[in-house]
């Protein structure tokens with residue numbers, strides 16, 4: 001068994017944890033390799049470019065927050081990912097720093113379980129070539145710096161759903177429902193639900209609401225505007241500036257992400273903990 005390790009190099013505590021992890025693995029004679037930027041910060045030559053890690057390892061370890069895990073998952077493809085939370089919220093990162101070594105031991109002895117998460121596949125023309133872009137959380141088309149409110153045209157399986165005057169459109173998986181979509185007013189969806197959610201960003205009409213659809217649907221989105229260019233983001237990464245009337249097609253990807261599960265956590269507990277549900281808030285009093 002060989003691990004590929006990806007570290008959020010902007011966090012000193014993540015780098016410190018990576019050093020401790022390397023020592024722990026060395027003591028047990030377990031093979032590992034760092035992603036190149038992580039290795040540079042840790043001053044080790046045991047590294048490979050992120051694009052090549054998949055062919056050098058059997059599993060990935062992500063040391064950071066949800067953003068680091070999203071980044072790692074794109075290169076892990078179907079190989080298992082152990083997400084260790086060294087960030088803030090940590091919806092996707094299953095393990096605390098204190099739980100990291102136990103999680104790795106379970107992977108080593110084959111006693112771990114896997115959470116399989118669906119992804120989105122966005123088909124778009126880039127440099128005159130059809131490209132397939134994967135996203136674990138969401139695909140987002142925004143108005144960007146466009147000075148007016150554009151109209152987003154959405155079709156489901158070729159049939160017109162509606163046209164939205166809005167600042168953007170979020171298409172999210174159940175995994176991504178607690179990310180940007182939730183901030184824009186979208187519903188929270190349990191992880192194993194076979195659905196997607198389409199969430200408008202700041203729609204011009206109050207009657208416009210997010211819609212939950214089957215993940216078997218094929219979604220087509222285009223921007224109706226006389227000019228301008230519109231950012232297409234997959235999991236927060238800019239992939240292309242869309243032209244007016246240019247369409248993208250979003251469907252369920254044939255590739256799923258495999259996250260190593262923390263059997264000591266359940267989804268309801270995560271929601272209560274991360275979103276502070278059921279807690280009394282003391283905002284203080286105003287002196288008269």
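The first residue you see is number 1, and the count goes up from there.
A Cβ is built for glycine as well, from the same backbone N, Cα and C atoms used for every other residue.
Taken from Swiss-Prot, the feature active site, proton acceptor applies to 66, supported by sequence analysis. The Cβ neighbour count for residue 66 (active site, proton acceptor), using a 10 Å radius over every protein chain in view, is 24.
What Swiss-Prot lists as NAD(+) binding site is 66, 67, 137, 138, 148, 165, 167, 178, 179, 180, 181, 182, 183, 237. Taken residue by residue with DSSP, residue 137 (NAD(+) binding site) is part of neither helix nor strand, so it is coil.
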Length of the line joining the Cα atoms of residue 148 (NAD(+) binding site) and residue 66 (active site, proton acceptor), in Å:
33
Rank aside, I only need the closest one: which of the binding-site residues 137, 167, 181 has its C-alpha nearest to that of residue 66 (active site, proton acceptor)?
137
Among the NAD(+)-binding set 66, 67, 137, 138, 148, 165, 167, 178, 179, 180, 181, 182, 183, 237, as the record gives it, the longest Cα-Cα distance in Å:
33
List nothing but the one residue from 137, 181, 183 whose Cβ has the fewest other Cβ atoms within 10 Å; the candidates are the binding-site residues.
183
